[in-house]
Amino acid sequence: MPHAQCPMSKTIVVKIGTSSLTQPETGQLALSTIATLAETLSDLQRQGHRVILVSSGAVGVGCARLGLTERPKAIALKQAVAAVGQGRLMRVYDDLFTTLQQPIAQVLLTRSDLVQRSRYLNIYNTFRELLGLGVIPVVNENDTVAVDELKFGDNDTLSALVASLVEADWLFLLTDVDRLYSADPRSVPDAQPIALVSSIKELAKLQIQTGSQGSQWGTGGMITKISAARIAIAAGVRTVITQGRFPRNIEKILQGEPIGTHFEPQPEPTSARKRWIAYGLVPAGKLYLDAGAIAAISESGKSLLAAGIKAVEGEFDTQEAVQLCDITGNEIARGLVNYNSEDLQKIRGCHSREIPTILGYAGAETVVHRDNLVLT
Ligand SMILES: Nc1ncnc2c1ncn2[C@@H]1O[C@H](COP(=O)(O)OP(=O)(O)O)[C@@H](O)[C@H]1O
Ligand SMILES: N[C@@H](CCC(=O)OP(=O)(O)O)C(=O)O
């Protein structure tokens with residue numbers, strides 16, 4: 001979020017996971033970590049930076065409050081527990097930040113808040129006002145009302161979307177390991193630490209193993225942090241994975257110390273509208289493309305034509321978002337379609353000039369125009 005007054009001031013999004021906010025043995029709050037985090041973020045705010053905290057912990061704290069020893073699996077129970085924990089969590093944050101004279105705000109988001117462009121922009125305006133007022137917004141998913149089909153699912157993704165929305169300079173993903181490794185260091189003792197990932201291409205080459213899940217209370221494990229980093233760096237946000245137990249490291253990292261794993265931002269960030277298409281919208285279907293179409297969209301920056309579509313999956317309307325995949329289902333891009341799924345089933349594989357005869361009307365020449373297409 002640009003700031004007219006001070007060129008040195010940065011927009012910083014910090015995400016802290018349940019594994020750092022709670023003590024692993026008891027599930028009780030890790031008070032010293034939270035207090036140091038509050039001090040660090042308040043100091044950064046006072047130095048002129050704009051700070052947003054994305055905090056997990058509603059479910060973990062709710063469980064501790066209710067004496068539950070395991071993260072609930074049933075959705076209704078999880079939503080009820082989150083309602084207990086979120087209030088408790090905010091109470092703790094507000095006590096600590098108030099002691100430090102730092103106002104905070106609670107912002108609870110659901111996936112559907114980002115789908116509609118007007119709501120997406122509205123959230124942007126709210127963040128801008130809060131940051132302009134010197135407030136630190138404390139963001140979480142609104143777990144109590146979120147439905148499965150429309151969920152961020154994990155706060156790593158949420159924090160990357162928030163960082164992209166506000167065009168942050170930095171995203172810090174605080175967790176219970178000191179950095180990213182070539183494999184899960186808990187199960188692979190000789191896993192190699194990774195200090196720097198300089199591009200999305202390099203990330204693919206590293207072939208990092210992440211196992212299937214995270215710690216006992218965490219949700220996504222390392223895999224969601226890596227995909228969050230991809231979203232953030234595509235938006236031009238420098239991303240760091242580092243240990244949550246030492247929040248003061250955030251200041252050291254900002255001063256240039258090589259702590260944690262750094263992901264360099266893409267030099268030419270994807271435009272705000274394309275970021276909304278790629279990550280704000282929820283794709284309603286999939287188009288499977290042949291090799292020629294993949295080369296055309298990914299190497300030559302061309303629009304997608306019907307001729308390159310091998311198969312169509314899902315039911316969607318015109319102007320909805322779909323995933324563009326290779327024949328095995330790997331996503332390459334996302335885009336807004338100019339035809340609904342029913343019409344696409346009829347014209348897939350056909351030349352554009354045949355479309356009016358097949359459909360009985362002259363539709364768009366492209367299925368996804370390059371202005372509405374974004375490589376993921
Ligand atoms: N390649 C990897 N490098 C580092 N940690 C990994 C890796 N793969 C899996 N992990 C695991 O991910 C865990 C952190 O994820 P998670 O428990 O979801 O944390 P949080 O609650 O901070 O979101 C670590 O405890 C670690 O065991
Ligand atoms: N919204 C959930 C957190 C989901 C989540 O991503 O948790 P974590 O892996 O600990 O960051 C909560 O507040 O419990």
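Each residue, glycine too, has its Cβ placed from N, Cα and C.
Keep in mind that what you see is a predicted model, and the values were worked out from it rather than measured.
Sequence annotations record features per position, and here TrEMBL assigns ATP binding site to Lys15, Thr175, Asp176, Thr219, Gly220, Gly221, Met222, Ile223, Thr224, Lys225. Marked as substrate binding site by TrEMBL: Ser56, Asp143, Asn155. Among the features that TrEMBL reports, domain 'PUA' is placed at 285-368.
In the vicinity of ligand 2, defined as a Cβ distance under 6 Å, the following of the binding-site residues Lys15, Asp143, Asn155, Asp176, Met222, Thr224 are placed: Asp143, Asn155. For ligand 1, there are no nearby binding-site residues; that is, of Asp143, Asn155, Thr224, none has a C-beta under 6 Å from one of its atoms. Across the structure, Lys15 (ATP binding site) and Ser56 (substrate binding site) place their CA atoms 8 angstrom apart. Fewest other C-beta atoms within 10 angstroms, among the binding-site residues Asp143, Asp176, are seen around Asp176.
When DSSP labels each residue, the domain 'PUA' (285-368) comes out as 26 helix, 22 strand, 36 coil, counted as helix, strand and coil in that order.
Site extent for substrate: the farthest pair of Cα atoms among Ser56, Asp143, Asn155 sits 11 Å apart. Cα spacing between Asp143 (substrate binding site) and Asp176 (ATP binding site): 22 Å, rounded to the nearest whole number. All chains included, 25 other C-beta atoms sit within 10 angstroms of the C-beta of Thr224 (ATP binding site). The two recorded residues, Ser56 (substrate binding site) and Asp176 (ATP binding site), show a Cα separation of 13 Å. The two recorded residues, Asp176 (ATP binding site) and Asn155 (substrate binding site), have Cα atoms 15 Å apart.
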